[in-house]
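**Q** Take a look at this one; I'll ask things after.
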Amino acid sequence: MYQILMTWKEKEGPSVTMDSLGGTLQELGLYELASALNPEKAEADEKDGSSGSKPPTPTARVQPIVRSVETPAKQENTVFLSYQWDHQDRVLLLHDRLQERGYGCWMDIKQMGGGDSLYQMMDKGIREAKVVVSCVTPPYVESPNCQDEVALARTLKMPIIPVMLEKTTWPPPGPMSIPFAQLLYINMANSQDDDPWKGPLFEELIRMIEYFVLDATDGSPD
């Protein structure tokens, strides 16, 4: 500021006035200081639109924000539900409960359409899954299709979680005895509830599914 005043004094010499000082301040862009020095003149300039008044502050143009709408990624079928149709309603409910928890499920009546090959779709469903949930009942262990599903899962080294929906000899006799012999099962056979998929046993199933899904994800190549 001192340097500004000295420059102004040298420029104007003995004819220095307050108006000339105000003009010098405006030339230097110090509009507020010039107005404070001579408020009456600043007010008059503002009224008559004098070119010496402070220029209007430019208004920035605000571009509208356009939000892109992203389509949610399709939920992967990480869980293959292996079951026999004697407990289809309960397995359908399990399918819905797992979907609510964020685990996509493969279930034959949900995935298959007219003209689809049963064995081809079963093979595809098991290969794409990260864990198989076997819904065990006496008819299940005797079903050739269910036996094939367990055999394929074992061949592919796919984790299997047996869930006993009805009292069954353990390990079950027949082709499933060897795959199931060393596996721990979740016993839902004593549940009399129309919706057995709640409470501590269901939470145990969720923990096991989560463990195998995370393990498969960590072990997959980038």
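Including glycine, each Cβ sits where the backbone N, Cα and C put it.
For 1-41, the entry in TrEMBL reads domain 'Death'. For 40-49, the entry in TrEMBL reads compositional bias 'Basic and acidic residues'. Here TrEMBL flags 40-62 as region 'Disordered'. For 75-210, the entry in TrEMBL reads domain 'TIR'.
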**Q** Quick one: DSSP breakdown of the domain 'TIR' (75-210) into helix, strand and coil?
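**A** Taking the domain 'TIR' (75-210) as a whole: 64 helix, 22 strand, 50 coil.
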**Q** Can you tell me the mean pLDDT for the domain 'Death' (1-41)?
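**A** Mean per-residue confidence for the domain 'Death' (1-41): 60 out of 100.
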